[in-house]
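Structure first, commentary second.
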Amino acid sequence: MSDWIDIGPLEAIAPRGARVVKTAFGCVAVFRTAKDEVYALDNACPHKQGPLAEGIVHGAKVTCPLHNWVFDLETGHAQGADEGQVATYPARVEEGRVLLDVEFLNNRTAA
Amino acid sequence: MVKKLVVIGAGMASGRALEELFAKDPEGWDVTLFNAEPRGNYNRIMLSPVLSGEKTFDEIVTHTAEWYEENGVTCRFGEKVVAIDKEAKTVTAENGDVLAYDKLLMGMGSNPFIIPLPGHDLDGVIAYRDLEDTNAMIALGDKPEAKAVVIGGGLLGLEAAAGLALRGVDVTVVHIMGHLMERQLDEAAGYLLRKALTDKGIKVMCSANSKEIVGEDGKVKALMLDDGTELPCDLLVMAVGIRPNVALGQAAELAVGKGIRVDDQMVTSDENILAVGECVEHNGAIFGLVAPLYDQAKVVASTLAGEEAAFVQKEVSTKLKVTGCDLFSAGDFADGETREDIVFRDPARGVYKRLVIEENKVIGAVMYGDTADSNWFFGMIKDGTDISDMRETLIFGPAYQGGEPLDPMAAVAALPDDAEICGCNGVCKGDIVAAIKDGANDLGAIRATTKASASCGTCTGLVEQVLGATLGDDFVIPTEQPMCGCTDLTHEDVRRLIKSQELKSMPAVWQELGWKTTCGCHVCRPALNFYLLADWPLEYADDPQSRFINERKHANIQKDGTYSVVPRMWGGMTTPDELRAIADAADKYNVPTVHVTGGQRIDLLGVKGEDLPAIWADLNKAGMVSGHAYAKGLRTVKTCVGRDHCRFGTQDSTGLGIQLEKKLWGSWTPHKVKLAVSGCPRNCAEATCKDIGVVCVDSGYQLGVAGAAGMDVKETERLADLTTEDEVLEYATAFMQLYRENAKYLDRPYKWVAKVGLDWVKEQVEDEATRKALVERFEISQSVYRKDPWAEHAETKAETYAPIANLVQEAAE
């Protein structure tokens, strides 16, 4: 059974926005879409390590602020002509709180 | 043997349960029915037609006195049950009577949720739940010039508002979320709904936070919002949600979560007590719509009759009972990787339909304006129908198979005849169509006869589309680059239509101009955000989430993810104190690089994102504000020292530069704007390659515009020769506003002037009335935007610059 950690209230993240969670193995970007879904991805574009948390969120996608690579938030796959993938981690909302799977930290260590 | 059944609550669910029970077992039960309301079962969801006057209360009564008598139901209406004794199997009524039961059915329904705002207990603050509330609203309609405020833009709140409006009451709906009915509708459908309600005379305020209910002599007088807006009202209706009524269940020590917990047979944690309706919780879910309640009622009857039955939760759909607002929502319509949208918009009819497809099945549907096919789609959601064979034509509904592809000109074809196409010459679509019918069949002929697109030319694309829509195949539209993949319209088309159709929000643009995506993309959103805030500075609220990071965080992102900070130095002037404060900040925040920019500013490079609010606060303390070095807006005004020091200086170039900068700073523009003022034709401030450049001469000021010194290098063109500083300020401001109102997003002034022609720009700015109107509109916009974003962010948004959580500690443990 997974163990979820509460990282903060949903309203701390703007709709179509993101916030960063610091971990011992780098930052994770936690996104909130217009529909209040949340997604957690590595906060580094595979192209030039752009901070994805600062990108523009549209639908369930984000555009990297450095060179406009577009990633699907669900799978982490780059869209269109670009090739690459960002690691994704389980995230969900329960009673207005954003939860991340504690396992993800361990997976990040292993990676 | 006849068994005793006590029912608590005469609502829609318990009423249906009794009907089902008597059908199965007419003689088996001796029923006593308690109801806190002094009346029997009625169709509560039909209170809205009663409120609007479309039905009378008698028409919505579901069970009459005769029905109760025929079925031998002992009615105790207006009486509450105050206690349940599970062991003794008895209930105690309000008057002390103790009644024994074999089975007890709880159907107490729900309580409206009242937000505990100051003043919520004032007279005239009501919920929308029962006939008493409805009658209070009906009574208000008899009062002349009555005003009401409804808090809550959900299903119930909107039905209350629409009913009140029909009764002649001046109604304002205050909704905390960004669009109406956000649980059932997406933004686009919410926009159309808002528009329809506004047309009915209902005022709608979204993203509005209530702060306090103001009263006078114990009676409600107004609602105060947290931004200070006061909405006067005689009645305040709170329709913000319901809570299952669980008090009796809790007192009887039944298992209670959000509601009274029941199993699939609708039995509570006590085997002799059942529960039904809005007071129950089943598998973690609670219920507010009628369809599942009726399913539960059936199961209750079967369980009581000793038959096998199980309640299964099904998909539910929503319709709003407001005449003239046809909307439908069902299933799950969130975005997702494995999901695909099919979107259909018909701006002319105000229709929006969206289907969400996953694994070749429809899993969600939102429709507005045309819900004729909603049951067909709802059936597909419930049945999980495989739609792969009809995917292409699915959205057109069951009657429409093999439809023609969507017409990219639909948005223009749908415009009414009085839609203004050419803003310069005030030419409407109808005028152009009339000219075409009189024989003008190409762009040149249209320009010659109507003058449409003959001035600045930015509406050329629209005129061509009108030609195309009117002449059909006889006219081939030259291909212009559309704004992005979300639309076939060009930037110029979109700008023109935002003005002429008065589109004042993103969802309005997406719907009325037939956007192909649900919420745009990173290309169109920043452009639309600019167009909307430039055209409707007071009505449209800037959307930071539609801005590129530099403008969202008011600093320039660098390739390593750090930022640069550039404080404003008015006209390139600074002081020892400012320099000391900058030096202190550079030390305090370990700034690795300090650079002097080409615009006479100091750039602190390599600041960490989370340090930004703190460094800004420090610079603010020394009197400095944002230099907007990150903005598509006014950047810098560069000056030479002018006649104060220079032996060649003809005018006070630094003073004029400072005045220009103080007037223009903070304004957003299609692309960055750089200015300079040189004190003599030797031009030390390099004013002749700026977007706006002033060269001082003995006789006054030469105002040039549309210079460039980037990828292209170009000398400015002379806009005017002026004699006073005030004239320079007025002309430069007018040019700035003309650029803001007309240019394509990301066109620098020199590119825009090349498209519209300097002659057209001169004509506008030289005409006194036009010039003064431009300046006035600029000042209106500046009343919102001429302020320091650093101070504002440091004070109110600082926490958003820090990580939401730091798990480094936890990982170490």
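Keep in mind that glycine also has a Cβ here, set from the backbone N, Cα and C atoms.
Going by TrEMBL, these are the annotated features:
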type	residues	note
BINDING	B:CYS640, B:CYS646, B:CYS680, B:CYS684	[4Fe-4S] cluster binding site
BINDING	B:CYS684	siroheme binding site
DOMAIN	B:4-280	domain 'FAD/NAD(P)-binding'
DOMAIN	B:317-384	domain 'NADH-rubredoxin oxidoreductase C-terminal'
DOMAIN	B:421-467	domain 'BFD-like [2Fe-2S]-binding'
DOMAIN	B:483-532	domain 'BFD-like [2Fe-2S]-binding'
DOMAIN	B:558-621	domain 'Nitrite/Sulfite reductase ferredoxin-like'
DOMAIN	B:631-771	domain 'Nitrite/sulphite reductase 4Fe-4S'
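By a simple count of nearby Cβ atoms, those within 10 Å, the most crowded of the binding-site residues B:CYS640, B:CYS646, B:CYS680, B:CYS684 is B:CYS640. In the domain 'Nitrite/sulphite reductase 4Fe-4S' (B:631-771), helix, strand and coil residues by DSSP number 57 helix, 36 strand, 48 coil. Those same-chain residues not listed among B:CYS640, B:CYS646, B:CYS680, B:CYS684 yet with C-beta within 8 angstroms of the centroid of the [4Fe-4S] cluster site C-beta atoms are B:VAL641, B:GLY642, B:PHE648, B:GLY649, B:SER653, B:SER678, B:GLY679, B:ARG682, B:ASN683, B:ALA685. In this chain, the domain 'BFD-like [2Fe-2S]-binding' (B:421-467) lies in contact with the domain 'Nitrite/sulphite reductase 4Fe-4S' (B:631-771); the count of Cβ pairs under 8 Å, excluding pairs fewer than 6 apart in sequence, is at least 3. Mean pLDDT of the predicted structure over the domain 'Nitrite/Sulfite reductase ferredoxin-like' (B:558-621): 95. Across the domain 'BFD-like [2Fe-2S]-binding' (B:483-532), DSSP assigns 26 helix, 0 strand, 24 coil.
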